[in-house]
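Beneath this line is the structure, given in structure tokens, with notes to follow.
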Amino acid sequence: MSVEQFINDQLHSIVGISDRSICQYVHALAKKAKSAPDLVEKLRDAGDFPISPAIQSFADQLMSRMPRQATSARQRGPTTAELAEQELNRLNRAVGVLEDYSASSTKTKNVRKRKESSSEDDEAPIKASKPGKSVKPSKSDDSESDIEAMEAKLDADIAERDALAARINKKEKDKTRNVMEKKRDDNKDKEGSSMDKLREESRRQYLKKRKVDKLEELEAIVHDDQTLFAREKLTKREKADMEYRKKVLEYTKAHGKAGDVMKMKRYHLPDASTKQIPSQYVEDDEEDFRPGGDGAKWEEEQLMASMLHLGAKDAKRKEQEFELLLDEKVDFIQALQMPGTNEEVVETEAEKKKMSIEETRKSLPVYAFRDAFIEAVKEHQVLIIEGETGSGKTTQLPQYLYEAGFCEGGKRIGCTQPRRVAAMSVAARVADEVGCKLGTQVGYSIRFEDCTSEKTVLKYMTDGMLLREFLNEPDLASYSVMMIDEAHERTLHTDILFGLVKDIARFRKDLKLLISSATLDAEKFSSFFDDAPIFRIPGRRFPVDIYYTQAPEADYVDAAIVTIMQIHLTQPLPGDILVFLTGQEEIETVQEALMERSKALGSKIKELIPLPVYANLPSDLQAKIFEPTPKDARKVVLATNIAETSVTIDGINYVIDPGFSKQNSFDARSGVEHLHVVTISKAAANQRAGRAGRTGPGKCFRLYTAWAYKHELEEQPIPEIQRTNLGNVVLMLKSLGIHDLVHFDFLDPPPQETLVIALEQLYALGALNHRGELTKLGRRMAEFPCDPCMSKMIIASEKYECSEEIVTIAAMLSCNAAVFYRPKAQVIHADSARKGFWSPAGDHITLMNVYNKWQESSFSQRWCVENYVQHRTMKRARDVRDQLVGLLERVEIETKSSTDTIKIRKAITAGYFYNVSKLDNTGHYKTVKHKHTTHPHPNSCLFEETPRWVVYFELVFTSKEFMREMSEIESGWLLEVAPHYYKGRELEDATNKKMPKNKGKSGKDLER
């Protein structure tokens, strides 16, 4: 009986269960154990085997059957042959060369040396087989060799993984794309031209001054000639010189007055300091061409003279003024008032404008607690900060710590934000307050953009970027203070950071941790961080009246538009409006409707200025929401839930809350991730209402009933970690060396099922081995700031030699925005332009064609306009692609190009083989594994083609579950790229099978 057969029988009798993997696991433990008690200890550490006398007896019997030499009183040293064999085995493991027992019998076999405790004769080494003879291994030897080969292969992969990580860390400083370094290089290139301009300007200023000096000198000489030498006898030459100087002086003065005398139009260089042209060189406008000039007045007089006037009959009748009525109206009832916490005098916009930056900083509520805050940070390592949005905690607290000397020794102060917009806008504001250029002392770091330098001491970043910094700096050695801001939002990355920074704080006593929250759940954070103290900062909030609708609204978008017009017509100015919507599409719909209605009403209403703000909006357009509102106008800010806490907008007195937001949810059973519009929580509703009382008493109009608020809204939002796919997070934690994910210190642990699915997906992608350890492929995947499927697609492009095309496709997919746009007035032209890029291979190749054509046009904006392509989306795709190309070199992938679309689609399938659908006999697409019904997206170029097999980027749920960005593939490719995941019978195509050629029976035959 072989050893594994013995283990299998014993486990059935002792534990009641056994399979091949458990037998191999116990066999491997027995091989590593030195004795039976040692084996019992290893089984106890495994935790799956109850230690009992039966287990101890099993360990004794198993160790007696193991092929090993017994220890004796006289130990002999290894022979030369044994040393050579050991060295050969070591080298084979290092290079990954594994023995194959299924090879030809003519190969020499290394026979395993055995030891027996009872026989002295067996102490002699077993000789290796002679080259001419064949030794047939037993089943036990085959099993042992398979395990050894697998273990050696895993060890070699781990060694390669560690070597790759070391090389990546070594290249980190040189290969990271940095905005400030690029700017410095550009400045060096421009130094020569700028110096030339400065010299030219300096020369002009010198010539002006020299002209005045020389003129005064000449006047003095002429004056001396007239007074000193008028009565003297002079030579003919001296008289000519005096006459010459006199003429030069006259001509010079006449030249200076030439512009005034002749009124000649000529170019004059403006003054360098004021940039204004002197008044004596500005010509008067001709009045005949001005409204109200002499010509216009003459025309009015002639027209009046030609018309018949009847005296009092022509007098203007005073029209009766009526109140402007709207066709639609939303009825509200006032339910309650949110009390204020600070009854300060409301400052006007003019008064705020007069305030300097320093005065503005001192006017914030947090300024009164500056000294107490610094003392609290010095006294405690972890501090929970509770302060309302607008109190100044995000912009001021890092500055206070910097001024208190927490950046000494080259350390930094970091502050995380859940959104890119918040990180960029806050960093820009702090840079203005510090008085430096953005990217020097104050910088930011977001996905695909790093605006920092070696001088940066205050660094704002997204929480995802701080997670990526853990890969290269697991102990955050360059930071003295780390502030996790907006902790109440409970984003996926923020929850992971809680566990990581809590662990770091235990062995880095010099690291200060600040956890900032804007809601009243600070006690939960305090208890998670070992009862850390809470530092409360009272906000500056005024009373807010809460209004609910009398009945539920069927269309909250239309109700929001009507409510905006109601407020604008009935509420006094000044007072801006903040509207919370779910996404870019709704924001653009409301913006367009407001512009149309304002245009239709014309001068009957005051000016209404709709301003959008969402993540994909360019920063220059986002900044418009912070600009002062013009006089006799009202600003309407259309925002996503980013305006709840991340951004503070002054001048808001009215808030419209439809009660909805977009939220990701992951279905663990089907493996599908949805983006749903869901109701907000009560905590979020109160945050939205509080925005109306930021600068003065305000009103909040909730587009739902008071009953719905009380019974349908949850108290707190569900943390993102409990409702999203954890594949990227698990890969990141594995890269950081955190293997026990079940016992990881989560603030709210994720569902066990979701965690298991993430591990299964990473194992299927090849990022993890069967021991749950990160592979070399997984370490390379972790370097890309993408989801695991996209990272695998990029790495698979190395095999198919099409990395240039794959990074282009990945960049276009990463933008999360529409590439094409369809103006309502030009729908036919827009659709025709889009079809010009279509490829029969699918949407992925179509996206690649769009980028390549734009690149051929030298990245022209005009080309985008002519082809109805979003220029903003294309610019972002170019930035993403540039960084992905840099990361290819970092993970040692050579950039190659290929025009073969089959290779490109195979690389896509290698990453997204999870997302494969098959057309069934009913004409519907169903996923291969879960038989989940999906539908082609109407904007897909394959919408009318219906290929048999397709791979898609993601599922988007609106009215149905649509496949976004799909491409046609062949079923055989799945066995090529994922033979471990798909079986041949799953990929059989029933349409290709022929029916048997059997003849049917006639009616007469049936009657018989």
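Including glycine, each Cβ sits where the backbone N, Cα and C put it.
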Exercise. To which of the residue ranges 485-488, 777-780, 889-892 does Swiss-Prot assign the term motif 'DEAH box'?
Worked result: 485-488
For this session: Determine how many residues of the motif 'DEAH box' (485-488) DSSP places in helix, in strand and in coil.
Result: 2 helix, 0 strand, 2 coil
Exercise. Taking all residues of the motif 'DEAH box' (485-488) together, what is their mean pLDDT?
Worked result: 85
Exercise. Where does Gly390 (ATP binding site) sit in the DSSP three-state scheme?
Worked result: coil
